[in-house]
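Q: A single structure is presented below for examination.
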C-alpha cells in the first residue's frame, strides 16, 4: 500500500522535478553564456599634448577577473550536471532510483548548490567593486565607463541567483525523495523479533 502511494506521488513529483531542473539548466547556462561573452571596448582621452588629445583603447572582459572566470566555469558545470540529471530522468525510466542512486543524486545536488552559490557570491562581490570601487584599496569603479559590460554582468548575476534558488529547491526535493524512499522501505520491511 505504501509503495502504491509512493508511486502515485512519485510520477507528479518527477514531472515537477524535471521542470525545476529544466529551469535551473536554462538559468545557469544563460548565466554562463552571458558572462562568458561579456566584453566591451571603449576609447578614452587620457591626456593632451597641446590641443591634440591622446587616446587609449581599453577592453573590459570577464576573463580579466578570476571571480568571473570561476563564475562561468561553475555555472557551466552546474548546467552540465542538470543536463545529465534531465537525461537520466527522461531516458533512465527502466532504471530504479533507489538506495545509492538517490543518495548520490542528493549529494551531487547539494555540491552543485554550494558551487553555484560560491561562484555567484564571488561574482557579486566583484560586481560591487566594479560598480562602486573601493576607496581604501584605491580601486576605481569601472561601471561609469563600461556601462554595457556592467549591465550584462548584472543580467548574468540575476540568472545565476535564480539558478541558486532553483538548485536549493531541487536539492530539498532530492533529499525529500530520499527520505520518502527510506520511509517506504522501513514501513514495508518486516519487523524483526528480538528474544
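Quick reminder: no glycine exception, Cβ is built from N, Cα and C everywhere.
Since we're looking at a predicted model, the values are computed, not measured.
Found this in Swiss-Prot, in case it helps:
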- 1-15: topological domain 'Cytoplasmic' (TOPO_DOM)
- 37-67: topological domain 'Extracellular' (TOPO_DOM)
- 89-104: topological domain 'Cytoplasmic' (TOPO_DOM)
- 126-154: topological domain 'Extracellular' (TOPO_DOM)
- 176-195: topological domain 'Cytoplasmic' (TOPO_DOM)
- 16-36: transmembrane segment (TRANSMEM)
- 68-88: transmembrane segment (TRANSMEM)
- 105-125: transmembrane segment (TRANSMEM)
- 155-175: transmembrane segment (TRANSMEM)
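I would like each feature placed in context: is it buried or exposed, what are its neighbours, and how far apart are things?
A: Mean predicted confidence for the topological domain 'Extracellular' (37-67): the pLDDT average there is 89.
Remote same-chain residues near the topological domain 'Extracellular' (126-154) are listed as 34-35, 37-40, 42, 44, 58, 60, 62, 65, 67-68 (criterion: CB distance under 8 Å, separation of at least six residues from the stretch ends).
Nonlocal intrachain contacts for the transmembrane segment (155-175), taken as residues 6+ away from its ends with a CB within less than 8 angstroms of a stretch CB, comprise 13, 16-17, 20-21, 23-24, 27-28, 30-32, 34-35, 38, 71, 75, 78, 102, 105-106, 109-110, 112-113, 116-117, 119-120, 123-124, 127.
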